[in-house]
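Asker: Take this structure, written in structure tokens, and hold onto it; I'll ask about it next.
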Protein chains: 2
Amino acid sequence: MSDSSNVTESLPEGELLVETLDRPWERLEELAEAGDPEPLAAFLDSLSAGDQALALSRTDEAHHQLVLKTLPIGDAAELLRHLSESQAAEIIDSLTPEDAAAIFQEMPSDEQADLLGDLDEDQASAILQVLPDSEADAMRELAAYNDDVAGGLLVREILRFDRSTKVADVISTLSENADEFRDYDVQYAYLTDEHNRLVGVLPMRNLLFARRNDPVADIMIADPLSLLDTTPLDDLIDFFDTHHFLGVPVVDADGRLLGVVHRNAVDYEATRAAESDFLKSQGIIGEELRTMPLFQRASRRLSWLSINIVLNIGAAAVIAIYQDTLEKVIALAVFLPIISDMSGCSGNQAVAVSMRELSLGLVRPTEMLRVWLKEASVGLINGAALGLLVAIVAIVWDGNPYLGLVVGVALYANTLVAVSIGGTVPLLLKRFGFDPAVASGPLLTTVTDMCGFFLVLGLATAMLNRLI
Amino acid sequence: MSDSSNVTESLPEGELLVETLDRPWERLEELAEAGDPEPLAAFLDSLSAGDQALALSRTDEAHHQLVLKTLPIGDAAELLRHLSESQAAEIIDSLTPEDAAAIFQEMPSDEQADLLGDLDEDQASAILQVLPDSEADAMRELAAYNDDVAGGLLVREILRFDRSTKVADVISTLSENADEFRDYDVQYAYLTDEHNRLVGVLPMRNLLFARRNDPVADIMIADPLSLLDTTPLDDLIDFFDTHHFLGVPVVDADGRLLGVVHRNAVDYEATRAAESDFLKSQGIIGEELRTMPLFQRASRRLSWLSINIVLNIGAAAVIAIYQDTLEKVIALAVFLPIISDMSGCSGNQAVAVSMRELSLGLVRPTEMLRVWLKEASVGLINGAALGLLVAIVAIVWDGNPYLGLVVGVALYANTLVAVSIGGTVPLLLKRFGFDPAVASGPLLTTVTDMCGFFLVLGLATAMLNRLI
């Protein structure tokens, strides 16, 4: 599990460090039962991150405990770090607080804080009680930040020196602790004053050319860029977009250095945010893994479905109003679901483009008119194409040109409505602080369904003598 | 635009380097027309990445040219690098090949290759003709790789030394070219033999403690990990998940060093892939920005809609078959869209969970049975809840308990069908090499619509004498 920079030569494509076993969890259980740390660690090391996750997800709690107790503690921590947070939390919840605390101490502080928030509350407080007070306090402090601000993403494990330290002393500290510092992955040391306030950063390579007896303050970059602990994720993404740094120091309101947010952590959260938008748009709120208990999975999904069915029934009530028309022109019933589905498709395209433009900053939440004009023009073209197609189908099938006229015009007009709503609703939701990924879909579908049913059945009622 | 490590003190939240102008594009145009590089560069520097993108997207081609010609060339390249690839390509397409080539030469090689692939073909070949032959060849070579393999993501700008170089010579090279190398963002130099084959990596910090007259080979890590140029993105993500490295050297089939893939580039592609799954699931294939020409936007969206409407009409044909039943029990028409929409919702939840489990490696494409069992159990619970609800609504509204029975049982059974299909279709598509994000939705909707209409109308036909 350790970073082994010198073990393997380049491997042929597709075999990248992967021992392709059909059922890696069986071998994992065997090795855990055998109880010998080395072959177990070596086996896990040979698996890809995906297969590690797979193997663990297919073994039971008893084996999780056995695997994590058998592995060298650093390897156990490393293993959990490769899993998704929900899977790692599931496994840590099944350990004794003592075992869990030991593994926690091997993790970088940002991941500790993240994971702590995902645990069962009882388990989390039990772990904090087992930990030394100073560590527990520090962990509580970081865990108090959300994942989406700088304070929740920082690592405290950084190279930190007083600005008066001599170059020679820094070099010897580095050399004596080379093994520990290798894991810090940083090219900078951070220099503070006597109140622990950040005063400068020191690019490690500057040490190469410095006089050994000078204080590091002489070769530091003074007044470096830093961010407040409350800086939100969007601004962090922006920061690393604009600057090439691998990390940025984070300070509190008094300028005291809290730690460093690494580019990795921000990129990781950005990917998670994008993935979670996809999941939320499809009605999965909160992480779901199929290893979770059945009733938890079912009830989480059901809460989203319940809202949708109520909205759906509301929209379908429009059909009930026009029951008389429908009774006389039963062919209309065939076209109602088509109008509803196709308007949903067109509208969701507009939702997707708006969400993307919002995330790229290409549109502001206040620019409803601009988006509406852009969408309406697409709606006019695509509505015409779809309306024409469905009109032809209706005429060919039913033989009555007026039926074609009604469903064609209705789909045309409703496509226009759908893209108008789909394009602008995410802006409106964002502006009023709602999450467009969760709420755009249901809102869109309800309004376009109602409107589509009104259009088809209202037009048909108006032209009823032509349709019978 | 340059990385200014020492200009700003920590800024209060929300003001991070952002000059909040209502209409930043107006100021941009003014400054471009004034033609003075410094204030223009300073203004752009003061904008967030989002506002840079916004300002450029709201100015016309003539002003794009003016902005990019006025800016110092390095800043122009930097500006384009902050934009999304489609927006950058749009702007480069509007420049003369000479101006475009000059800007290209300032970009890192992986971004050159990416961008080249997104340009208009004529513009791309015109730019290659303007460039010096050696650069054009190298760029063609990289552009030949897809974005989703190591060869398409590597940078050629790395520190590369022959293994016989002396430590002192490496240090003096570094010191003489400190400015250039600062942008390389790497902690390693790469050592090659006389055939340009990778033989070792040299952690820069090892130089600190080395004897100046030794060859660097003495302090290198021999036989380092490296990846083939054909390694796919999934394996790269896996690699950086398993190893803490910031970059990995990439070699061709003969072991020759081609360049380095940085963790950033992989993270960036991973985020793009997640975003693009969201867009594709909503029917946006290929990047769309609302600044693109209307007919391009409309026709791209229409090609997806056309497939859907044909599938939709096919599904609705089921209703036509049962027209007689519908004529006798017109209340059924109210429930057809509800059954269709709700089955879509339930099925899409299962799609989303399967896509996520596939990407985490928690399920293999062959494990259809396992996924089906997990989904069916959720379907049994949620189908019962939804079916019961819709049955009650039908009974309260219509007064006929048999109508409630028909629509309730149909929604129950169709929820089961929807989650079964939604859960397994992404696996099936993946197994046969299709993109689950694009194809799962339409397939799911068509099958569940057909099946839902069959269930409602078939059951109603069987119980017709109870319903009238």
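One-based numbering along the chain as shown.
Using the three backbone atoms N, Cα and C, a Cβ is placed for every residue, glycine included.
Here TrEMBL flags B:154-219, B:220-276 as domain 'CBS'. The transmembrane segment feature in TrEMBL is assigned to B:302-323, B:376-397, B:403-429, B:441-464.
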Asker: Against which stretches of its own chain does the transmembrane segment (B:302-323) lie, if we need a Cβ under 8 Å and a gap of at least six residues from its ends?
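Answerer: Contacts of the transmembrane segment (B:302-323) (Cβ under 8 Å, skipping residues fewer than 6 from its ends): 283-285, 336, 340, 442, 445-446, 449-450, 453-454, 457-458, 460-461.
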Asker: Based on DSSP, tally up the residues of the domain 'CBS' (B:220-276) by helix, strand and coil.
Answerer: 24 helix, 17 strand, 16 coil
Asker: According to DSSP, how is the domain 'CBS' (B:154-219) divided among helix, strand and coil residues?
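Answerer: Residue counts for the domain 'CBS' (B:154-219) by secondary structure: 25 helix, 18 strand, 23 coil.
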Asker: Tell me, roughly as an integer, the mean pLDDT over the domain 'CBS' (B:154-219).
Answerer: 84
